[in-house]
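Read the structure below first, then the notes.
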């Protein structure tokens with residue numbers, strides 16, 4: 001009788017629940033289907049993306065005819081076909097839009113995340129904390145995955161533990177909507193370079209169809225018999241940087257909430273005579289010398305950021321040098337960061353694409369450090385994780401915190417298990433998000449401008465979108481709409497002032513109060529002035545000359561790939577990684593059983609480690625906050 005009563009109670013909780021899903025990609029499609037089939041009757045779903053051809057092999061609610069349409073809307077319509085009596089509300093929008101504020105989140109019983117970037121994850125975490133709505137996080141990469149539960153005051157929040165900077169990116173972002181330079185590097189290396197010089201039989205997401213009706217070949221990258229190298233190089237340039245961008249612009253839905261890229265053609269970038277006289281590769285007779293577009297063009301400084309014209313010259317010259325000096329290798333080449341000509345080609349191609357999408361250009365030296373591959377998604381893992389999400393969501397709706405679990409999906413059995421459940425952790429008392437612990441910023445207040453602190457610390461590291469900055473009772477900056485013209489002008493002036501010259505001067509010991517009303521998040525930053533920060537700071541780790549303590553900073557990663565280990569430092573331009581699991585040692589801390597936290601308050605020591613799994617799909621970048629093989633934790637009784 002007790003079990004049947006519990007089942008009835010669970011069924012009623014599911015039927016009465018109002019659920020918010022964020023993300024309609026690989027996990028999102030499986031999750032929406034599973035929620036509908038599990039009896040949920042009121043589901044809201046938010047997703048900004050449109051459907052790409054590359055999504056169709058694992059996002060089974062979508063078909064070829066849906067390409068270019070909203071993921072959220074199409075997913076809703078697909079599920080309503082077999083569950084017509086439930087309510088599904090879809091939003092083709094960014095979860096960070098103003099309409100999705102704390103009041104919006106308060107209407108839901110639980111929020112289920114399936115996001116593809118750290119910034120949006122942090123944003124949803126903060127809204128859930130402010131609205132006091134439970135959050136279920138999830139993610140997959142290849143055969144690995146995880147599901148975690150975050151409930152204010154009962155478990156740690158998403159930001160309680162250090163989160164490495166994302167290291168892999170959605171395929172659709174790489175091919176269609178890049179927003180960072182690393183996206184352009186991955187496109188240039190894994191798509192364009194591979195298409196031009198690698199195995200022709202490998203699948204490639206680049207558009208190979210030409211806009212020229214007279215083309216005899218279906219693949220535009222094939223060189224015509226009567227085509228000289230200059231003509232071929234210019235045709236490739238115009239196709240990938242011009243025509244392909246114009247094709248992308250035809251999908252108006254994609255660009256409703258994004259900056260539209262500009263097609264770039266060689267005739268607009270370089271005058272005709274400069275194209276024909278580009279470089280001097282044919283004049284180089286020294287066969288022993290490694291071919292280099294930079295040498296041919298007289299470019300000597302790898303740390304110099306080339307303009308669009310120089311990048312175009314390097315692209316053309318590098319392409320021709322491959323065919324002139326290394327023709328026998330074409331068809332078998334794999335990108336190698338130690339291959340000078342390959343790095344020159346990828347740098348130039350990435351910079352031209354970056355210019356098209358309004359992304360800042362980078363030097364060859366910077367571009368060389370950005371390398372890696374995209375992790376392949378596995379539809380079965382998405383389905384398993386979606387099922388686990390629903391199981392945890394039902395536990396949350398029942399309010400039985402003792403049954404909450406973080407569950408890991410493993411590639412190889414551990415203790416004869418492929419699904420490894422572990423107990424949730426207590427809130428981190430040092431977390432500036434859920435525990436409001438003050439942060440410490442070490443900075444030279446006499447040389448650092450307010451703009452640098454806001455852009456590089458408050459927005460970039462702390463993830464605030466519309467910050468307000470106060471020094472004591474003096475408001476020195478506010479971001480967002482609705483500001484009076486004179487207020488906005490005054491704040492703009494403050495941005496260009498060094499900290500010590502603000503209306504309320506920032507000196508050693510000053511306390512900044514920073515708030516984001518959209519996220520309903522407030523934190524304090526104590527300032528420590530340092531006169532000689534350039535000598536004291538590690539410029540490689542702190543290139544901005546500021547050290548922020550007390551926040552979840554990116555950590556050094558030990559990457560295991562193909563049986564070998566290598567260190568990879570996290571950065572904002574992080575490398576992609578191919579089918580890897582990354583083990584990261586977090587700082588040892590106090591971890592307690594959830595029932596002990598909430599009832600007896602007795603502590604038990606346990607060392608913790610973090611395992612990070614990252615996703616190339618538009619599902620997630622996954623942060624596994626404990627390695628189930630190493631955790632020294634007791635199971636809940």
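The chain as shown is numbered from 1 upward.
Note: Cβ is positioned from N, Cα and C throughout, glycine not excepted.
Keep in mind that TrEMBL annotations are predicted by a computer and have not been checked by a curator.
Taken from TrEMBL as is:
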- 9-431: domain 'THIF-type NAD/FAD binding fold' (DOMAIN)
- 23-28, 47, 55-58, 71, 116-121: ATP binding site (BINDING)
- 157, 160, 431, 434: Zn(2+) binding site (BINDING)
- 172: active site, glycyl thioester intermediate (ACT_SITE)
- 315-368: domain 'Ubiquitin-activating enzyme SCCH' (DOMAIN)
- 441-532: domain 'Ubiquitin/SUMO-activating enzyme ubiquitin-like' (DOMAIN)
- 557-637: region 'Disordered' (REGION)
- 558-574: compositional bias 'Polar residues' (COMPBIAS)
- 592-604: compositional bias 'Basic and acidic residues' (COMPBIAS)
- 613-625: compositional bias 'Acidic residues' (COMPBIAS)
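Of all the Cβ atoms in the protein chains shown, 22 others lie within 10 Å of the Cβ of residue 434 (Zn(2+) binding site).
When the recorded positions 23, 57, 116, 119, 172 are compared by Cα distance to residue 160 (Zn(2+) binding site), the shortest distance belongs to 119. Summary of the Zn(2+) site environment: with the site residues 157, 160, 431, 434 set aside, the chain residues having Cβ atoms within 8 Å of the Cβ mean position are 129, 156, 158, 159, 427, 428, 433, 435. A distance of 12 Å separates the Cα atom of residue 26 (ATP binding site) from that of residue 172 (active site, glycyl thioester intermediate). Model confidence over the domain 'Ubiquitin-activating enzyme SCCH' (315-368) stands at 90, taken as the mean pLDDT rounded to a whole number.
Recorded residues residue 23 (ATP binding site) and the residue listed as 'active site, glycyl thioester intermediate' have their alpha carbons 14 Å apart, per Cα-Cα distance. Of all Cβ atoms in the shown protein chains, 24 besides its own fall within 10 Å of the Cβ of residue 160 (Zn(2+) binding site).
For the pair formed by residue 119 (ATP binding site) and residue 431 (Zn(2+) binding site), distance between Cα atoms is given as 17 Å, rounded to the nearest Å. Counting every protein chain shown, 22 other Cβ atoms lie within 10 Å of the Cβ of residue 157 (Zn(2+) binding site). For residue 172 (active site, glycyl thioester intermediate), the spatially nearest entry among the binding-site residues 47, 157, 434 is 47, judged by CA separation.
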